[in-house]
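For reference, the structure discussed in these notes is given below.
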Amino acid sequence: QQSGRRYNLFLKRRLRIDKRHQSKDSIFFRDGVRRIDFVLSYVDDLNKEWEKKLERRKEFESNLQKAGLELETEDKKESEDGKIYFVKIHAPWEVLITYAEVLNIKVPIRENDIPSTVENPLDCMLAPLRLPEKVMHPEPDYFTAPFSKDKQELYLINDESTFFSPSMRNRIVNYILTRCPYGTEEGKKKFGIKRLLNNGTYSAAYPLHDCQYWKKANDPNCDNERYTLYMEWARFLRFYKEQPLDLIRKYYGEKIGIYFAWLGFYTEMLFLAAVVGLICFLYGLFTMDENMSSKEICDPAIGGEIIMCPLCDRECDYWRLNTTCEASEYSHLFDNVATLFFAIFMGIWVTLFLEFWKRRQARLKYEWDLVDFEEEQQQLQLRPEYEAKCTQKKKNPVTQEMEPYLPLTSQAVRFCISGATVLFWVSLIIASMIAVIVYRLAVYAAFASLMENTQTLQPISGLLTPQLATSVTASCLNFVIIMILNFLYERIAIWITDMEIPRTHMEYENRLTMKMFLFQFVNYYSSCFYVAFFKGKFVGYPGAYTYMFNRWRNEECDPAGCLIELTTQLTIVMAGKQIWGNIQEAIVPWICNWWGRRKARNNPENLYSRWEQDHDLQIFGALGLFYEYLEMEVQFGFITLFVASFPLAPLLALMNNILEIRVDSWKLTTQYRRPVAAKAHSIGVWQEILNGMAILSVVTNAFIVAFTSDMIPRLVYYYAYSENEDSPMSGYINNSLSVFQISDFPDRNKPKTNPENLVICRYRDYRYPPDHERKYLHTMQFWHILAAKLAFIIIMEHVVFVVKFFVAWMIPDVPSDVKAKIKREKYLTQKILHEYELEKLKERLCEGDKQATEKEFIATEGRMELSRAM
């Protein structure tokens, strides 16, 4: 019986092969002429909604044909699994030129004759990084003008089938699909492919890739751009090569092109920050042996004789300072003079990055014909969802046309619900952070007892102190909580943004961006803010400790400072996020595609069609780029807001981004359906977020250097309190520790045992000793240090801000040569258009057109002269 089934299957495949002599791995209709611009798919499931879905499809497809589109359906018997219907869509010339005018698409009118920029003398050195010219610039540079049906003779139309690129064609078809009606339900007019996808009428809608990524298509009419992108861009072995931005823009559209241009530029700029950060780290490494503080802590005659007060109540014992020897040495790697230099450098680097990106963006706008791109016109078009959900209408004061609108009362209710939801989730993050703090306070005593009583941990007790063990485990726990909350909130943020019913696509993206970034900011950075600015700052002193919820004693910093703990927290969260992000972006889609294609692996090529191959790929949704930007913005925060604590952060970010570019390009080229092309002339609201973080980073790094590191106390001691001229920093550790009389311990704090009958212990603070008349009050040195910290913050902020604003003022946003080219192109384009109009007028005059008067001819010539003069 099994052999009979196999024979039947063989006959079925043989019949299908005979039916189609040509390969189904094609991007054309069955006639081999008409190009497939879009594909719709659906499953004919016989459930309760079957008849309703069938009616919707008939009405929708009928309306698509009325709009001028041509359809061709592949029966489910022709599909690989025998269940899916595919509707192939072709936009004929008449439809393309009609909607090209509606969408204000720019098309070539003459080849650009402006000389290219003078060659860089370093080009020969950079040759190994370059890609072939055909890949970097796949088509000539043209003067362009918005398309008009009435001026078709003006444009360089050599072949109607290739005049509009595939990305332009799928953008036009998508515009029609999102606005095509399919009937009336519940008294409301229904339209748009998105709604049909949501209610299950169609299962997918997507444009086709032009070929398989690992080999060229057999069809000589195929451009094989996907194959070129894979070979030259999407493979990790090409990580050192420049990106083919013009080809990316041509294949995927300007919106994706501008993202990869920004990511590549950000990665290039990170190289400088990474080099300087590595130099600062090496400075700390090479001067580790010269650090007087570490020497005194590690010295048995100094650190070995200093008895420290217990770090927790009752359970913890007294301990000797030299047990933190290794931790103090490693702390010097990040807490040294170079930290101050690097904090100031990064404040200036951020400004240079943002200003030079503006210049790079301006150059791309010119090269990609986006100078006059009316993003407002494109983005301010009403969302189909808004038009569908808003039943009330009012007159637009600009267009004087009736438009749907959302009443003010409805908007207010929706905003209140949205705001309350966001506030609840932010409160949930803060509650989770407090829970992690409570964990740190609760388990510290357990770690201290475990390390003291477990013999196997004794060899590493110097390196793995109870403070470090608590910090590492708390950081890992915090990272897990961050990822869980992030996963849940992403869905909540999309739901509440949909509920608000934003009017335009721009409004939708901006609202979602602000919600997501606010949440991510609190979620990822709150733990770092706690360690940097709160831990160890409100401890009290022995006998008068402060408690959280009157139960858990507040944490103290390590005697070597809190900076090493901030470094640990930053490293775990930042590195963990980058590793998890790459797993999500690369491995998960690959596994999903592998599983989805397992049945089709043994099918011959002519049975596994191009539309089926793309159908089995993952979906790169409308928010695909949103998540990519969000990931990079969070990383940008790590390398700017807290970089004073970890100079190697830019190096980690650089290594991640080199991988990120290739992972993003690989998954987009091989694992995802081709996204619908979209225009954009900038990175949008993300630019404002970068500017905001750049300003905030100056403040946070100034506070980290002042309050988290030990730099200011050391400088105050060096210049004001040192008594040894030969070695000014000797005695600093003893000076920074105050004395406490053990008999003053209340029962709540006093350790259970005191085997050595100790009389005094030391603690980290600047307070008077027990025999002083101002017992346990702050000394004058404490106030001197506090004044120095505040003065440092004010001076550093003002210096960095002055330099930042001066650099921003000095660097123009648009390069002078780009300004000149824009003006030149505008002039030449106007001249070409005026000459064309003049020729048409001459023709009409020669033909004896009465409407083409001599006055009109003179006026047109005069306009040309005026244009030349201007």
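Here the Cβ of each residue, glycine as well, is placed from N, Cα and C on the backbone.
As given in TrEMBL:
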- 43-77: coiled coil (COILED)
- 28-245: domain 'Anoctamin dimerisation' (DOMAIN)
- 248-825: domain 'Anoctamin transmembrane' (DOMAIN)
- 259-286: transmembrane segment (TRANSMEM)
- 337-357: transmembrane segment (TRANSMEM)
- 422-447: transmembrane segment (TRANSMEM)
- 467-489: transmembrane segment (TRANSMEM)
- 516-533: transmembrane segment (TRANSMEM)
- 636-659: transmembrane segment (TRANSMEM)
- 689-709: transmembrane segment (TRANSMEM)
- 782-811: transmembrane segment (TRANSMEM)
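If you look at the transmembrane segment (422-447) against the transmembrane segment (689-709), you find fewer than three C-beta pairs under 8 angstroms, all six or more positions apart, and that falls short of contact. Of the ranges 467-489, 516-533, 689-709, 782-811, the one with the most Cβ pairs under 8 Å to the transmembrane segment (337-357) is 782-811. Nonlocal intrachain contacts for the transmembrane segment (516-533), taken as residues 6+ away from its ends with a CB within less than 8 angstroms of a stretch CB, comprise 422, 425-426, 429-430, 433, 436-437, 471, 475, 478, 482, 485-486, 489-490, 493, 562, 565-566, 569-570, 573, 577, 626, 630, 633-634, 637-638, 641-642, 645, 689, 700, 703-704, 707-708. Note on the transmembrane segment (636-659): residues 236, 239, 263, 266-267, 270-271, 273-274, 276-278, 280-281, 334, 338-340, 342-343, 346, 350, 521, 524-525, 528, 532, 563, 566-567, 570-571, 573-575, 578, 582, 690, 693-694, 696-697, 700-701, 704-705, 708-709 of its chain, located 6 or more positions outside it, place their CB under 8 angstroms from a CB of the stretch.
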